[in-house]
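Visitor: The structure follows.
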Amino acid sequence: MPAAVSISQEILKPHLEIQGGHTLSRELKVSGAKNSALVLMTSALLSEGPLELHNVPQLTDIQGMADILASLGVRVKRSQETVWLQADGLHHAEPPYDLVNGLRASFFCIGPLLGRLGHAKVPLPGGCRIGARPVVEHIRGLKALGAMVKVEHGVVTASVPGTSRRLKGAAIVLDCPSVGATETILMAAVLAEGTSTIENAAQEPEVQDLAKMLNAMGARVSGAGGPIITIEGVERLHGCNYSVIPDRIEAGTFLIAAAITRSIVRVSPVIPEHLNAVLQKLRDCGCTLEIDKQGITLIPGDLHGVDIITQPFPGFPTDLQAPFMALLTTAKGTSVVTEKIYENRMQHVAELQRMGASIRLQGNTAVVEGIPQLSAAPVSGNDLRAAAALVLAGLAAHGISQVDGLNHLDRGYDEIETKLNASGAHILRHQPSG
């Protein structure tokens, strides 16, 4: 009789094999914020001095950004959670397409390059395909600062006219509180001549983190975290040592992992104020939260459905919409999840349905009817947060699930299976050769 072929051998793609039904315990460690670290790294372009970043997550996106900066002439060194950068030999203002194609954050280079060199040529970025996510607001802000910008054949070319090659301060009102546009304009404006204001600015913690580090480099930024940011331009910045804030999305993912497995788990380090909307929804679901200065302990209860509407910070974050939906699939009653930020961020619904979830999709709204337990299935994460949601679903499902899409997952989670396994999960990573 031929040997039985395991389910995992049938999947040729790299994937996680998750044995569901195990409770978690102990503490889950949160890495530095990916969305903050990426933009902080590009800030190295603004100064000749050395920038030393600590608490940097070890992710494929971080390496991608390091490669992009190196291609521009930045010296880059990495050692575990520390990244050292120095742009004293900055000689190039056009990152190559093959490096920027898979990383949306690559577009953050345009603001610092304009501010420092007076010109930049940056291909339109890649990343998760969860919607248009245009750069119109970024470009409009750069034009307001005096840059000449054109978009041609998928490449954005920008330059500062005149002999000074220096941007001019301006009052900018964003049509929507875009995080990327706010950060791009902020980095461009710190070396501009005069004062700039950004109204309807994004208030996300990552914007606050950027402003704090820029100030440590000698910038004069005030109001970050509110709707109006003021930037008094300076002639030059210097290097600094800086520690990236904890990743609020990873922290939220781990809290949801505790809830979906009905486990008591402590998650740290966390800045609770960065997760207020998520913490409230967990309480509304029936969870108890014990919060201190260093972390949050989740104690599950009899979970029931809640309604979720994604909003810009301080509202419920779009990056936790998919993971929270996974939780709601096994919560009693009906939940309604509405995605207001991106128009194509429901790709996880079909995969959750493969695991037995009862979900009706109506445009960007999902109606979830809770069931007692999900069933294991082979599923595919088509974007970063969808992949995370499926990992959580696998933890709670009966049987052994296989989750592929690790190229997405590894962009945003630092050794997620290692951390979950240390807390009691049973996850194997399969990386087929050839």
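Yeah, the Cβs are placed from backbone N, Cα and C, and that goes for glycine too.
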Visitor: Among Asp88, Asp307, Asp319, which residue shares the UDP-N-acetyl-alpha-D-glucosamine site with Arg104, Ile341 according to Swiss-Prot?
Guide: Asp319
Visitor: Just to verify: the residue among Lys34, Arg104 with the fewest other Cβ atoms within 10 Å, which of the binding-site residues is it?
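Guide: Each of the binding-site residues Lys34, Arg104 was scored by Cβ atoms within 10 Å; lowest is Arg104.
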Visitor: Just the number: how many Å between the Cα atoms of Arg104 (UDP-N-acetyl-alpha-D-glucosamine binding site) and Asn35 (phosphoenolpyruvate binding site)?
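Guide: Counting only the Cα atoms, the answer is 11 Å.
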Visitor: Can you tell me how far the Cα of Asn35 (phosphoenolpyruvate binding site) sits from the Cα of Ile341 (UDP-N-acetyl-alpha-D-glucosamine binding site), in Å?
Guide: 16
Visitor: Let me know the largest Cα to Cα distance in Å among the UDP-N-acetyl-alpha-D-glucosamine-binding residues Arg104, Asp319, Ile341, as an integer.
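Guide: Max Cα-Cα spread across the UDP-N-acetyl-alpha-D-glucosamine binders: 16 Å.
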